[in-house]
């Protein structure tokens with residue numbers, strides 16, 4: 001952000017602009033850059049003849065608005081910076097809420113998978129118990145065939161359950177990778193927004209310092225002319 005500058009009033013400016021009095025003290029703000037200044041004649045060796053300046057000087061006949069710029073425009077610039085900072089903080093809060101919701105959904109999915117695994121383990125244990133009971137009657141031909149059918153059924157169910165669990169774990173892993181990518185993006189965006197907020201804060205501080213210096217200079221010049 002650049003501070004607003006008033007029209008130049010030094011020698012070499014457009015016709016109609018006031019000139020700096022040789023007997024008036026010249027006080028430059030910190031951001032003023034003198035492009036060309038030469039010492040005048042030895043009779044007045046203490047003064048400088050400024051040919052070009054990038055900022056205006058306070059001289060008699062110039063209104064304060066021309067010297068320090070419009071206060072309302074300065075206030076609007078500060079308000080705009082503050083609103084931008086508030087918008088950035090709001091966006092960051094929204095993204096954090098979205099991330100928390102995604103983590104909650106993922107936790108629910110993991111809990112569901114754990115319950116399903118526990119149910120499958122109970123079923124497997126139950127089938128194994130049934131299988132052990134049938135193995136006691138393997139001397140009987142019918143019992144032997146029943147055991148074989150049950151074993152095939154358990155194996156098929158186990159294979160089916162493991163296939164479903166593998167598919168679900170793959171989905172969960174994909175969700176985790178996606179969430180990690182989103183977290184990385186959020187962290188990068190947060191860092192960039194923090195840098196922008198810090199830059200806005202530095203710009204606001206510079207504007208406040210310039211305004212304070214210009215106010216001090218104005219009062220000094222006013223006291224000199226009074």
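Heads up, the Cβ atoms here are built off N, Cα and C, so glycines get one too.
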- Message: Checking feature assignment: coiled coil per TrEMBL, candidates 103-137, 138-172. Which range matches?
- Response: 103-137
- Query: What are the DSSP helix/strand/coil residue counts across the compositional bias 'Polar residues' (91-100)?
  - Reply: 10 helix, 0 strand, 0 coil
